[in-house]
Amino acid sequence: MQESVIDIRGLDNAERIKVQLRTEAPKRWQVDDIVALFELPFADLMHRAQSIHRENFDPNGVQVSTLLSIKTGGCSEDCGYCPQAARYHTDVEKQDLMQLEEVLAAARAAKENGASRFCMGAAWRSPKQRDLEPVLKMIQEVKAMGLETCATLGMLKDGQAEQLKEAGLDYYNHNLDTAPEYYGDVITTRTYQDRLDTLERVREQDINVCCGGIIGMGESRVQRAGLLAQLANMERPPESVPINLLTQVEGTPMYGMDELDPFEFVRTIAAARITMPQSFVRLSAGRQSMHEGIQALCFLAGANSIFYGEKLLTTDNPEAETDRKLFDKLGIHPL
Ligand code: SF4
């Protein structure tokens, strides 16, 4: 295997070190390998990510999904970033499960706006059977409109993934959020293993996996690399990898955190592209606060999927028209 030696700025001890970077992706990514990617000079990292992106995807195509919150707030979990947790005092208004017709109207509008996938999100720890049944109907009807379907409903119990598959679900979203070592600082009401178990149930049914995390929650660079290693080393890496930038919401424990350097976010996107060459890397929450120049760098780094629409669950997302203008400026077309 061909190898190249590249000078890299030091890690914790700030000494300049030399790391041998394999020109072919290792079968199993070590966290150190991924940290070494983050440490590359920006132009080198971008070149590498863009080259891999071009080998695997249409470089100017971006997949567009729309996300609708079908049940909002009142969640029993304690995710430290989430305004929908019942225990935090935020402006989010609790809303029961939406009616089928309202969901279908939103799906129709999403399709007219160019979305190819419609994601339905419900703030549940885990759906009860009586909750799941109306959602199955929504999935069937949205699928019948010719849209891909995605759902994020919390942890799945035995038998629930089967029902979702039968209803025609294409993707299930369940994020790992962060590296295992930092997870306890973010959530205490369920474990990392709980999340992996749900993902396994989804995989067993051959449903595509949408799984990523949130960046800027106070984690270290090593922990950002640790999250990517978890995702990239899955037996089958997720087909879709949402990389969210923390949207700080007043009333949540993570409100008031130091803001992440935007270039570190771009580096995370690039490292995700390199470690998961065939996955769609989705630029997700946090786009609202991102200058369009940084969004353009994210596309250059290999992001090739976005959420489109005014609201991302409960936080603002750039309006569809603003996104269309940005796509036009960059010569991007929706996939
Ligand atoms: S992220 Fe999901 S599970 Fe966690 S508190 Fe929010 S709605 Fe509940």
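Placement of Cβ uses the backbone N, Cα and C atoms for every residue, glycine included.
Bear in mind that TrEMBL entries carry predicted annotations, made automatically and left uncurated.
Per TrEMBL, domain 'Radical SAM core' is recorded for 60-284.
The DSSP secondary structure for Cys79 ([4Fe-4S] cluster binding site) is coil. Summarising the annotation, TrEMBL assigns [4Fe-4S] cluster binding site to Cys75, Cys79, Cys82.
For Cys119 ([2Fe-2S] cluster binding site), the Cβ neighbour count at a 10 Å cut-off comes to 29, with all displayed protein chains included. In three-state terms derived from DSSP, Cys119 ([2Fe-2S] cluster binding site) belongs to an extended strand segment. If you look up TrEMBL, you'll see Cys119, Cys150, Cys210, Arg282 marked as [2Fe-2S] cluster binding site.
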In sequence order, those binding-site residues of Cys79, Cys119, Cys150, Cys210, Arg282 whose CB lies under 6 Å from ligand 1: Cys79
Between Cys79 ([4Fe-4S] cluster binding site) and Cys210 ([2Fe-2S] cluster binding site), the C-alpha gap once rounded to whole angstrom: 19
